[in-house]
């Protein structure tokens, strides 16, 4: 009798995706210096049309996707955002609108509600209007955001406030908590900047010091206790001050896929920064084939690609080696241990880099923009 074929390791099994990040457009009225979009932004002329997005959603539902995050850029800049939202509802997909709340967002909100929108995630750059508008690069944005948030709660939609934290607004963490309560939000994300995309370019302008980070964590933990049952507060700490890396996107190719405005499918926001990866487009391949067969998703899925110390670490199926894009940017090799991990030989250097930049006077922001040739000030610096 032939011996039974051994079951594959759980790390090698390709799970069904849970979430789809639908980057409907890169157009956005805000110009945030920490934007996670790539430096080379897709133009409107390259965006997928309505029928392509409806097909993507249908295929996503067939794959087992549960949540669709309608994002951008500013997703309400799309004239077909209501139709796309209605398709999510028709397919039973939980829809989360990730929005700046400015421009045409308020004018479309009631129609989105009628179409079956499930949840709204509103970005707030600061509590003080002048500071918020300096960070976002758009005057008179704050009153629009407050009007938008008020209408969200009037409609009975669950509201999450998203506050990306950096040295320019870290002093406002208590104010973000108070604002979330005032607006009737169900959830607040206190998300320290993750240094990819435009945030990597602006790292020296955005990096807070360790004492500020520790104090912000203390404030959040106290507020969690005080507001238990009223407000859920999610906290994302900066990798540069962490002990262990986070499981980027829940693990490469394990939970989430990101479809760009032109239909390129990525395992994470910044995956395009890794040279040599072959990305497939929804215009050429079915979404299911991309998830299971595309070279980019296979490249760092599971644990087989890992080097030491990740390969033998008991955390390898918890954080999946951390962020591949950060490993590349800071060590020169995407397969290296993420230096956010205390087990990385470069961890101390990463901490020192953060300490040095936080101690310097911050340079001016390089604002996110389409069609501008951005010179990355870090491009001439050697990795750690």
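For all residues, glycine too, the Cβ spot is worked out from N, Cα and C.
Sequence annotations record features per position, and here Swiss-Prot assigns [4Fe-4S] cluster binding site to 28, 32, 35. The Cβ neighbour count for residue 28 ([4Fe-4S] cluster binding site), using a 10 Å radius over every protein chain in view, is 25.
Residues or ranges marked as domain 'Radical SAM core' in Swiss-Prot (evidence: sequence analysis): 14-226. Predicted-model confidence for the domain 'Radical SAM core' (14-226) is 97, expressed as mean pLDDT.
Using the Cβ center of 28, 32, 35 for [4Fe-4S] cluster, the list of other same-chain residues with Cβ within 8 Å runs, in sequence order, 30, 31, 34, 37, 73, 100, 136, 198, 368. Residues within less than 8 Å, Cβ to Cβ, of residue 35 ([4Fe-4S] cluster binding site) and separated from it by at least 6 positions along the same chain comprise 28, 197, 198, 199, 368.
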